[in-house]
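Structure record follows, encoded as structure tokens.
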Amino acid sequence: MEINSKEIETILKKYNNKKSALLSILQDIQEKYNWLPQEALRLVSEKICVPLIDIYSVATFYRAFKLVEPGKHNITVCMGTACHVRGSPSVLNRFEEKLHICAGQTTPDKNVSLETVNCLGCCALAPVVVVDGKYNAQTTIQKADKILTEIIQSKKQKRKSIKRRSHKTK
């Protein structure tokens, strides 16, 4: 992914290129790009005179920061106690099997990212899976299959729409 260095410089200027604002700078970059591109981190390192290894130390310490470009769709499986005892490990396994990735990874086509969290705070709805910000309660393996089918269908619909537009322009 290509970043716009002017956008990064604007973020840095907002904090007067201060080393002490590193955490806020990283938060703003992630808000802009939805992850922390390596090119952006290098630029931050140069501009605020902080070694890249120190920036990576901060970025990897906080779980909220993403160092890998996320997929178009994000699936988050709660692994908290209530979700765990009600079947979230089986649901997670199903997503991993069907997507051919492990939690913390993105499919090679960049369509889906799969992650886990320790608790989403809605234990009465366990097991909970969040898909693109939408909470799915009492998620079973069958519901996991349905979620994946919907994601795959949306990708196919988009491809058909693109093909139709390209045929119209020819």
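Backbone N, Cα and C define each Cβ position, glycine as well.
Note that the coordinates shown come from a computational prediction; the quantities given were computed from them, not determined experimentally.
Here is what TrEMBL records for this protein:
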- CYS78, CYS83, CYS119, CYS123: [2Fe-2S] cluster binding site (BINDING)
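In the three-state DSSP assignment, the secondary structure recorded for CYS83 ([2Fe-2S] cluster binding site) is helix. Neighbour counts of Cβ atoms within 10 Å were compared for the binding-site residues CYS83, CYS123, and the top value is held by CYS83. For the binding-site residues CYS78, CYS119, the largest tally of other C-beta atoms within 10 A is found at CYS78.
Following the DSSP three-state reduction, the secondary structure of CYS123 ([2Fe-2S] cluster binding site) is helix.
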